[in-house]
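S.K.: Sharing the features that TrEMBL gives for it:
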{"type": "BINDING", "residues": "LEU20, ASN27, LYS156", "note": "xanthine binding site"}
{"type": "BINDING", "residues": "ALA128, ASN129, GLY130, ARG131, ALA132", "note": "5-phospho-alpha-D-ribose 1-diphosphate binding site"}
Amino acid sequence: MHALQQKIREEGIVLSEQVLKVDAFLNHQIDPQLMHAIGAEFARRFEGTGVTKIVTLEASGIAPAVMTGLIMGVPVIFARKHASLTLTEHLLVAEVYSFTKQHNSMVAISPRHLGADDHVLIIDDFLANGRAAQALISIIQQAGATLAGLGIVIEKSFQAGRAELDAQGYRVESLARVSSLASGRVTFLD
Ligand code: 5GP
């Protein structure tokens, strides 16, 4: 997606060979027009696949997920990282190792919102080693729902997540595929 690549080139900050900072438009300040275009692109790519729900992880997945849900006309569920006082019922839970925070935490979705009739599209901001994606897939399986695929805003293709999801047979659509962050530069696959 050309507009996204251009935005990453202009406003992304390479923090290390492993980490790209995009808090100017995705992870802190949000560019609504770009998010809308991202939602439209995911909706186009997954058109006709029978998606009934979008699932993402709080907080940075919510903006692209909501735009996609708006355009596809389906609800969006964000997995919660901290059990809240209002989530008192039985929950679908998975453990996730956070790439950026470098610790394990639990993420949860209420089975009131996700069930065996659902065909789910996972949306997330980044794909690195795939821990977040695998945790969301586990929750979707616990719910008895099926997976249409994963829509990723920025994939770091040199980390393990994409290859693992491919090997598991899941459909992954990434809007920007980063092949390297070496020498402080962002290089794209295509
Ligand atoms: P994974 O679970 O695939 O290892 O990492 C994906 C999660 O870690 C994403 O939900 C995202 O929040 C965060 N993440 C991974 N790599 C980066 C990165 O380079 N920059 C930022 N800002 N977040 C990242």
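Along the chain as shown, residues are numbered 1 onward.
Yeah, the Cβs are placed from backbone N, Cα and C, and that goes for glycine too.
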S.K.: What's the number of neighbouring CB atoms sitting within 10 A of the CB on ALA128 (5-phospho-alpha-D-ribose 1-diphosphate binding site)?
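M.R.: For ALA128 (5-phospho-alpha-D-ribose 1-diphosphate binding site), the count of other Cβ atoms within 10 Å is 22.
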S.K.: Inside 8 A of the center formed by the CB atoms of ALA128, ASN129, GLY130, ARG131, ALA132, which other residues of the chain have their CB, for the recorded 5-phospho-alpha-D-ribose 1-diphosphate site?
M.R.: TYR97, PHE99, LEU127, ALA133, GLN134, GLN159, ALA160, GLY161
S.K.: Suppose we draw a 10 Å sphere around the Cβ of GLY130 (5-phospho-alpha-D-ribose 1-diphosphate binding site). How many other Cβ atoms does it contain, all chains included?
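M.R.: By my count, 23.
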S.K.: What whole-number Å value do you get for the CA-CA distance of ALA128 (5-phospho-alpha-D-ribose 1-diphosphate binding site) and LYS156 (xanthine binding site)?
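M.R.: The Cα atom of ALA128 (5-phospho-alpha-D-ribose 1-diphosphate binding site) is 6 Å away from the Cα atom of LYS156 (xanthine binding site).
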S.K.: Based on Cβ atoms within 10 Å, give me the single least packed residue among the binding-site residues ARG131, LYS156.
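M.R.: Least crowded of the binding-site residues ARG131, LYS156, by Cβ count within 10 Å, is ARG131.
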S.K.: Out of LEU20, ALA132, which of these binding-site residues shows the lowest number of other CB atoms within 10 Å of its CB?
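M.R.: Among the binding-site residues LEU20, ALA132, the lowest count of other Cβ atoms within 10 Å belongs to LEU20.
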